[in-house]
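Features of the protein shown, as given by Swiss-Prot:
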type	residues	note
ACT_SITE	C85	active site, redox-active
ACT_SITE	C88	active site, redox-active
REGION	14-112	region 'Thioredoxin fold'
Amino acid sequence: MSFLQDPSFFTMGMWSIGAGALGAAALALLLANTDVFLSKPQKAALEYLEDIDLKTLEKEPRTFKAKELWEKNGAVIMAVRRPGCFLCREEAADLSSLKSMLDQLGVPLYAVVKEHIRTEVKDFQPYFKGEIFLDEKKKFYGPQRRKMMFMGFIRLGVWYNFFRAWNGGFSGNLEGEGFILGGVFVVGSGKQGILLEHREKEFGDKVNLLSVLEAAKMIKPQTLASEKK
């Protein structure tokens with residue numbers, strides 16, 4: 001047992017433990033930056049979206065079924081992760097840059113939020129050129145709600161998104177729930193269906209604007225004849 005008295009034995013042991021810990025940390029960091037641990041989104045059916053209850057944000061709110069948003073002319077809808085998030089404000093501004101083209105197509109632009117805290121929606125409105133509604137039951141964030149917790153802060157893609165939005169001049173706050181991931185939908189008129197469904201996979205994972213515009217061009221507005229069918 002003389003080797004136990006050899007200082008080099010303990011030094012080598014500590015180096016081995018340290019190397020093992022570093023290797024495990026490196027592997028964890030590597031896996032955290034892949035999609036291995038990301039929850040897979042469950043696609044929403046049109047019938048699921050149609051039945052969602054939304055509320056207007058007036059002093060006397062009106063509750064209505066979400067299908068009213070797209071029944072006649074289709075719609076582009078942003079499910080906002082958190083109005084105070086500067087990444088969400090960046091995406092809202094990006095979508096709003098399509099507003100004039102969407103207007104030419106006759107397709108409205110909307111957003112839904114999952115909570116209405118103090119002036120958060122009011123402060124978000126300058127970034128978004130469309131009406132905003134409240135989805136209290138968070139249905140637009142389902143059918144299977146997905147969360148990104150603190151793992152998001154060790155993902156390189158998230159940090160890239162942070163710097164991109166920051167360099168773009170966007171700022172925000174930490175008010176409200178921000179772990180349930182959002183998304184963007186392009187829904188056709190009537191029973192045309194969901195033409196685009198983008199589910200945020202990490203903080204700041206923005207929808208492709210060209211894809212939104214291409215999907216919006218596929219919308220076929222309801223006519224009196226089609227409404228009677």
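Yeah, the Cβs are placed from backbone N, Cα and C, and that goes for glycine too.
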Listed in sequence order, residues with CB under 8 A of C85 (active site, redox-active) and six or more positions away:
G172, G178, F203
Please list, in sequence order, the residues in the chain of C88 (active site, redox-active) that are at least six apart in sequence and whose C-beta is under 8 Å away from its C-beta.
V80, R81, R82, F124, G172, G182
Three-state secondary structure of C85 (active site, redox-active) from DSSP?
coil
